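This report refers to the structure that appears directly beneath it.
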Amino acid sequence: MEPQLPGSIGTSASLAIRLGQSLFSVASLLFMCVGVQFYAYTSFCFLVTIKGLTIPWSLTLAIVDAYSVFVKRPSRQLHIVLVIVIGDWILSFLSLAAACSTASVSDFMVTEAGASFCDGKVCSRYRLSAAMACMSWSLSVASALFNLWVLSSLYSNY
């Protein structure tokens with residue numbers, strides 16, 4: 001059995017990262033959607049769409065990680081890790097774009113536009129949603145980097 005990189009697919013650290021991604025994505029989605037009219041702004045709709053894609057991806061890979069941890073057989077097949085790395089990188093770039101666009105629009109609404117666009121409670125929810133999306137992105141890029149490291153070691157052994 002080869003040594004495992006903590007945070008790579010099939011480890012307990014990866015399970016924690018995936019659950020954290022899901023938790024922060026759900027929090028971002030709830031802050032954006034519950035009681036707020038987010039659909040009036042394109043960047044907010046983009047965030048909701050990307051978090052709607054991130055949640056099932058992260059939960060599916062959390063189930064794979066949980067299975068690998070409990071069975072103690074991590075999935076180290078080249079093609080599976082390649083698909084996970086590609087999916088992680090695509091979703092991490094899209095999550096970064098959605099979080100940054102949401103943060104910039106909510107900052108514009110507070111500093112430049114004033115109270116004409118949103119009151120303090122609504123704008124603070126937009127900002128909290130952007131902060132949760134940034135936290136989800138940081139875990140997503142960490143997972144992508146760990147799995148990229150494993151992918152390069154698998155290619156060298158192939």
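Cβ atoms here come from the backbone N, Cα and C positions, even for glycine.
Annotated domain 'Casparian strip membrane protein' per TrEMBL: 10-138, in sequence order.
The transmembrane segment annotation in TrEMBL covers 23-41 (among others).
Note on the transmembrane segment (53-71): residues 9-12, 14-15, 18-19, 21-22, 25-26, 29, 84, 87, 91, 94-95, 136, 140 of its chain, located 6 or more positions outside it, place their CB under 8 angstroms from a CB of the stretch. Look at TrEMBL and you will find 53-71 (among others) tagged as transmembrane segment.
Here TrEMBL flags 78-99 (among others) as transmembrane segment. When Cβ-Cβ distances below 8 Å are used as the criterion, the transmembrane segment (78-99) is approached by residues 9, 43, 46-47, 49-51, 53-54, 57, 61, 130, 133-134, 136-137, 140-141, 143-144, 147-148, 150-151, 154-155, 158 of the same chain, each at least six residues removed from its ends.
Taken from TrEMBL, the feature transmembrane segment applies to 130-151 (among others). Sequence-remote contacts of a segment are chain residues at least 6 beyond its ends whose Cβ falls under 8 Å from one of its Cβ atoms, and for the transmembrane segment (130-151) they are 5-9, 14, 17-18, 20-21, 24-25, 27-28, 31, 47, 51, 54, 58, 76, 78, 81-82, 84-85, 88-89, 91-92, 95-96, 98-99, 102-103, 106.
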